Amino acid sequence: MDLHVRPYDSAVTQSDDVVVTVIDHPNNNNDEVGAVSSRSARFHDLNRLIQSPPTLDNKVTGKWQNLLLAYKTLGVVFGGLVTSPLYVYPSMQLKSPTEENYLGIFSIIFWTLSLIGVVKYASIAVRADDQGEGGTFALYSLLCRNINISILSSKHSRTKSSTAEKPSKLGKFFEASLVARRVLLFIAILGMCMLIGDGVLTPAISVLSAMDGIKAPFPSFSKTWVEVLSAVVLIVLFLLQKYGTSRVSFLFSPIMGAWTLTTPLVGIYSIIKHYPGIYKAISPHYIFSFFWRNGKEGWLLLSGTILCITGSEAMFADLGHFNKSSIQIAFLFTIYPSLVLTYAGQTAYLIRNPYDHQDGFYKFIPSPVYWPMFVIATLAAIVASQSLISATFSIIKQSVALDYFPRVKIVHTSTRQEGEVYSPEVNYILMVICVAVILIFGDGQDIGNAFGVVVTMVMLITTIMLTLVMIIIWRTPPVLVALYFVIFFVMEGVYVSSVFTKIPEGGWIPFAISVVLAFIMFGWFYGRQRKIEYELTHKIDVDSLKALLSDPGIQRVPGLCFFYTKIQDGLTPVLGHYMKNMKSLHNVTVFTTLRYLLVPKVPAHERIIVNKLGLKGVYGCVIQYGYADSLSLEGDDFVLQVTNSLQNHVRDSSDCAQSTTSLDEEIDDIKEAKLAGVVHVRGKTRFHIGKSCSWFDRTMLAFYEVLHSNCRCSLPAMGIPLPHCIEVGMHYEV
């Protein structure tokens, strides 16, 4: 769902044995491939990171609305990027801090911001949106909807492409290679997991760098106390997450606006006072001279300079919250010049004070404005941290909803903004990791090393995915594709090679977190897809149910049964397993599907949708709920609502051929079944991994079963009274 809200064009439900992701996609097919493709086509829902007000139509609001949105992006999109001057220079291990080296470093920073920030993200990447959504998964979504890149080795026919053009040679390669498709999915997942790793490190490095400013006016304030104070600030920040951010979020943009305005002013003052000729370093000549003089040492310093572009991925990933124009305006006219002036001022100061780079930000702040800048820096670091924490919650929440992550508890802290979510498990894991990073590593250089791994990997993955989109979908001329790929892949590849040398010095932290998360998500998603494949292949239609009921051994027993199914076009195979073994079906059976809509609240008259399935006492029911609705099936209220809806539907759908007597009998049957007792039946399915399975299936499905056995149970989340619940176990043979 992008800013131009389309509340009912997609519907997803929680990923468990009862509630399943349901995507109403225009090109959705009923076979396995169509189901997988339509689900994959909504990958970009994962990039709906943090809350923001919906936009109005640009044609109506025009430039003023874009300017207002550009202002709001300061507090949501650019927090990580614009606070990078706090830790770039302190993260560098400068052995020979000379004027020539500082000019070379500033030249590298300037061209990194210009090429990656302005050209790649602000000019090219923002055009690769998928229905208004951005990010790594939006690129994967575009590919999914144009070529068949299902990760299952299905023998079904290829899904229809959303374009009439024939697939390119590269597109045909991915369609033909199962390994390539699975690698592509893993790369897309890894890119998203790197953003979660960013959510771990941004709070640590931002708050620690801001708190480091206390040491200058108070030399007796040791490094240990700075680390402890930073850890306390982070602990308080994480403990406040359960209350949400709606009450203070209106302050985010003013705080970041103040930071974005004041730091370049200090930079201009520093340039005039210390080194007015700093902008001669814009010439690429200084980059070549820097590497010529420093060789390997200069290459290793790239692991620090890359941090100047940290957070730039948010320009692309947060497209769904704002729009292309607002993000471009904010970056090109505020963020980019602010960063260039700030880094120029820092470098000008360091040229005259070459050994102050360990505290490269606060040292260049003039004494009269030191404390105001310290306060602004601390608040800006907290806002940047909050944005990434909220982003992590939203990514996990969407991952759970779209079947890419095992179930965790998700709490909505606002009834107005879906993006304001909180997960206790995720929150405390993040808190422990962030505090551990500060207390164990402490040194800004080590945390900077870890941060650099995240930044470079996300950029490189985006470059690869963008190249595929250019070739397969945009059909960009090969010369332009080659130019783009060579420039950015080589540039970012050099950065990656430098950063990876820091893996033993702290860089392993986000890399390990991201890889583990990626394997968890890939394994969970693969297992869920195999279940969908099995269920769609073995689903029971109305005719099959009629044949089962015609068996004289099957008895209709008194009572009302809610039989939960994941399939809308058909019934779960668990039903056949249940009837063949229990030899019974309740007099009134309601096959129920829970559907999660991307809206705050579903109106009461749209919450329960019922229909007849053409057999006596057999009905279908879809329960729709929004992110601010309470999904609870506890008590008689839910049963009463459904039975009332069934009775109303029976009355409204009756025709002239149906006698009043039979109509009354049907309604009486519903009432009697309710009085006889209510039971909720759900499937508890497991894979039976046969000897004929490939090694890949054996490994991934066994891993999925481990995840499935240890994730949160769906029953407490749904509030089903345990005495009224029956779980039907069934093995899916693969």
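For all residues, glycine too, the Cβ spot is worked out from N, Cα and C.
Per TrEMBL, the features are:
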type: DOMAIN; residues: 70-544; note: domain 'K+ potassium transporter integral membrane'
type: DOMAIN; residues: 558-733; note: domain 'K+ potassium transporter C-terminal'
type: TRANSMEM; residues: 69-89; note: transmembrane segment
type: TRANSMEM; residues: 101-119; note: transmembrane segment
type: TRANSMEM; residues: 183-205; note: transmembrane segment
type: TRANSMEM; residues: 225-243; note: transmembrane segment
type: TRANSMEM; residues: 250-272; note: transmembrane segment
type: TRANSMEM; residues: 298-317; note: transmembrane segment
type: TRANSMEM; residues: 329-349; note: transmembrane segment
type: TRANSMEM; residues: 369-389; note: transmembrane segment
type: TRANSMEM; residues: 426-444; note: transmembrane segment
type: TRANSMEM; residues: 450-474; note: transmembrane segment
type: TRANSMEM; residues: 481-501; note: transmembrane segment
type: TRANSMEM; residues: 507-526; note: transmembrane segment
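Between the transmembrane segment (69-89) and the stretches 298-317, 369-389, 507-526, the greatest number of Cβ pairs separated by less than 8 Å involves 298-317. Most Cβ pairs within less than 8 Å of the transmembrane segment (481-501), among stretches 101-119, 250-272, 507-526, belong to 101-119. Counting only same-chain residues 6+ beyond the ends of the transmembrane segment (450-474), those with a CB under 8 A from a CB of the stretch are 87, 91, 116, 120, 124-125, 128, 136, 139-140, 142-143, 146-147, 163, 167-168, 170-171, 174, 184, 187-188, 190-191, 194-195, 197-198, 201-202, 205, 303-304, 306-307, 309-310, 312-313, 316, 437, 441, 480-481, 484-485, 488-489, 492-493, 495-496, 499-500, 502-503, 506-511, 514. Between the transmembrane segment (329-349) and the transmembrane segment (183-205), fewer than three CB pairs separated by 6 or more residues in sequence fall under 8 Å, so the two stretches do not touch. Long-range Cβ contacts of the transmembrane segment (298-317) within its own chain (Cβ-Cβ under 8 Å, at least 6 residues beyond either end) map to 47, 49, 77-82, 84-85, 87-89, 91-94, 104-105, 108-109, 112-113, 116-117, 121-122, 125-126, 128, 134-136, 195, 198, 202, 290-291, 327, 331, 339, 343, 384, 445, 448-449, 451-452, 454-456, 458-459, 462, 494-495, 497-499, 501-502.
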